[in-house]
Amino acid sequence: MTPFNPIDHPHRRYNPLTGQWVLVSPHRAKRPWQGAQETPSQQMLPAHDPDCFLCAGNTRVTGDKNPDYKGTYVFTNDFAALMADTPDAPDSHDPLMRCQSARGTSRVICFSPDHSKTLPELSLPALTEIVRTWQTQTAELGKTYPWVQVFENKGAAMGCSNPHPHGQVWANSFLPNEAEREDRLQKAYFAEQRSPMLVDYVQRELADGSRTVVETEHWLAVVPYWAAWPFETLLLPKTHVLRITDLSDEQRDSLALALKKLTSRYDNLFQCSFPYSMGWHGAPFNGEENAHWQLHAHFYPPLLRSATVRKFMVGYEMLAETQRDLTAEQAAERLRAVSDIHFRESGV
């Protein structure tokens, strides 16, 4: 029998953060594609759009007027998914019809007044201000809620309803599914190994290097060994950090650089504004020590072969198990092969 080769043969990889397996089918990477294709926007956006609900000085759909902001701008979402004053749900003893109240708040974070510039096109000082805003919002909301979720949906392909570069922060009175699962599995690993899972993982990736995409003094971005999306990345501090609020000034500044380099490589891969959903996971604000936690950011981009061909999580993946064609190592190699200077800045 031919010896096993992970570049040629189907195999499964285990995700210790979710407890789930991913089917890797590298032999399928060369299959022809005649399916749906995305149409990337070629529109050059203005620095200010008078019809945009998020631009500085404009009036939002509710009639509220945005200030003439110069940096980041945060406001409560006009169509928030959560409310702080939700009444208690009635007790239910039916194991098949369980319900509980959900309280919280949802805020919008405009990254800058410039309607045309996404994260990789912003300056390092502007990116540093965004990180500081993530920190202050997390610290403020963490005083009231156990879970604070900072995230960004970039691009229409990821359901973004407004092209003005922005993110969101939702605070929950409960621990959401993904957070609860990561909490439980990191805690189990810590109990067995006596060290945080993702701190150990960073050391493995630093020693290996084959999945590294970006490295700065204090941060490492890798295509994780267990990646599900084609060019998924995991962004991690090199030392033990529980929450984004715990970063030193040096780690914060280094994070701004890592974000610029990583998102520039994404855009450069297919010479387009690369869509993704990203977000931060850190220790919950539950009054516990949480030494098993390690701060990290997930980037989930859907593009697969080009700016027009995306991956769909359907069929087998919805009903059985996540599957990918490119190996994590091949995806990281492709991201390393492009510049970390944005193609619009380099003049390419």
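We number each residue from 1, going along the chain as drawn.
Positions of Cβ are set from backbone N, Cα and C atoms, glycine also.
From the candidate list HIS164, HIS166, HIS218, the residue Swiss-Prot records in the Zn(2+) site shared with CYS52, CYS55, HIS115 is HIS164. Of all Cβ atoms in the protein chains displayed, 25 besides its own lie within 10 Å of the Cβ of GLU182 (Fe cation binding site). Other than the site residues GLU182, HIS281, HIS296, HIS298, same-chain residues with C-beta atoms no more than 8 angstroms from the centre of those residues' C-beta atoms, the Fe cation site, are LEU17, GLU178, LEU234, GLY279, TRP280, GLY282, ALA297. Neighbour density around each Cβ, counted as other Cβ atoms within 10 Å, peaks among the binding-site residues ASP78, GLU317 at GLU317. Note: HIS281 (Fe cation binding site) has non-local neighbours GLU178, ALA179, GLU182, LEU295, HIS296, ALA297, HIS298, i.e. same-chain residues 6+ apart with C-beta under 8 A of its own C-beta.
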